[in-house]
Amino acid sequence: MAEKMAFIGAGSMAESILSGILNSGFLPKENIMVTNKSDQKRLEHLGKQYNISYVEDKQQTVADAHIVLLAVKPYDMEAAIDSIRDHLDTGQLLISIAAGVSTETISQMLGRDIPVIRAMPNTSAAAGASATAITRGKFATEDHLATALELFSTLGTATEVAEEDMHTVTAIAGSGPAYVYYLVESMEAAAIEAGLNKQTAQELLIQTIAGAAEMLRSSGEDPSKLRENVTSPGGTTQAGLEALDQGHFREAVMNCVTSARERSIELGKTF
Ligand SMILES: NC(=O)C1=CN([C@@H]2O[C@H](COP(=O)(O)OP(=O)(O)OC[C@H]3O[C@@H](n4cnc5c(N)ncnc54)[C@H](OP(=O)(O)O)[C@@H]3O)[C@@H](O)[C@H]2O)C=CC1
Ligand SMILES: O=C(O)[C@@H]1CCC=N1
């Protein structure tokens, strides 16, 4: 197990991972350090909220970390790596969660044989329920992969994928929670418009999503079969699904995933 972990980047994803790690007990708070580019207030907030160390000095942050987690936007990767490169050594493991940016590109930015793992978690890490995909760069060993799998397994599920699949994985699992939230927002808006109070709508929707997820997990059935089981001929579900078809729901969702995937490819090409 890693002894010390440094977060470079202290935004929403860093916080999700950080809180997931602390909740799971994977690392004690004393072993975690966080830094960012310039937002001191944000560091103070995280320091207070999670009782962790934060320092603006990146050298100090990465110096004795076993794992350095890069949680910056893809377009900030180069500057972030520039600021820590000289303080890294090949005994450390660098994990990047940036969308689109390949391990090859990261290694080129580093210009050194530092082991690199690329991971694509999602914000459900904060609740220990991320679906994280992981791939390893050319300098990372099976042991480094095992460390990353162990780390992200404490935040939900962790699955190794081929690097070429990372764009697709990002589109369905990294971005995925947002699409589910959008669906819930839309159903909630319709329920409220029909007169249901917000709290009741939210309670029912949360359990409906959780129940459907549980059925997908435990029933062994395809989603299409589960959908058919809900749909009585001539009933309410059929009426609702027909409205979705009129709105080209399937096509819209497929376009959504394709657009997210294409954006991931674009983000990786900006270097
Ligand atoms: N949000 C999500 O659901 C997911 C995001 N990701 C990936 O995670 C990464 C971070 O996303 P997210 O947390 O949403 O982004 P945020 O914008 O919330 O956070 C970005 C963080 O990076 C910091 N930063 C920027 N430049 C530097 C630098 N040179 N050195 C150190 N820190 C720096 C910022 O600091 P400051 O505020 O001081 O500028 C900020 O703390 C992205 O690459 C994204 O693709 C992956 C999976 C899911
Ligand atoms: O929207 C993004 O670019 C990031 C990557 C996956 C989820 N959020």
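Just so it is clear, glycine is given a Cβ too, placed from its N, Cα and C backbone atoms.
Caution: TrEMBL annotation is automatic and unverified by curators.
Here is what TrEMBL says about this protein:
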COMPBIAS  219-228  compositional bias 'Basic and acidic residues'
COMPBIAS  229-239  compositional bias 'Polar residues'
DOMAIN    4-100  domain 'Pyrroline-5-carboxylate reductase catalytic N-terminal'
DOMAIN    163-267  domain 'Pyrroline-5-carboxylate reductase dimerisation'
REGION    217-239  region 'Disordered'
DSSP helix, strand and coil counts for the compositional bias 'Polar residues' (229-239)?
6 helix, 0 strand, 5 coil
Helix, strand, coil residue numbers for the domain 'Pyrroline-5-carboxylate reductase dimerisation' (163-267) per DSSP?
89 helix, 0 strand, 16 coil
Rounded mean pLDDT for the residues that make up the domain 'Pyrroline-5-carboxylate reductase dimerisation' (163-267):
98
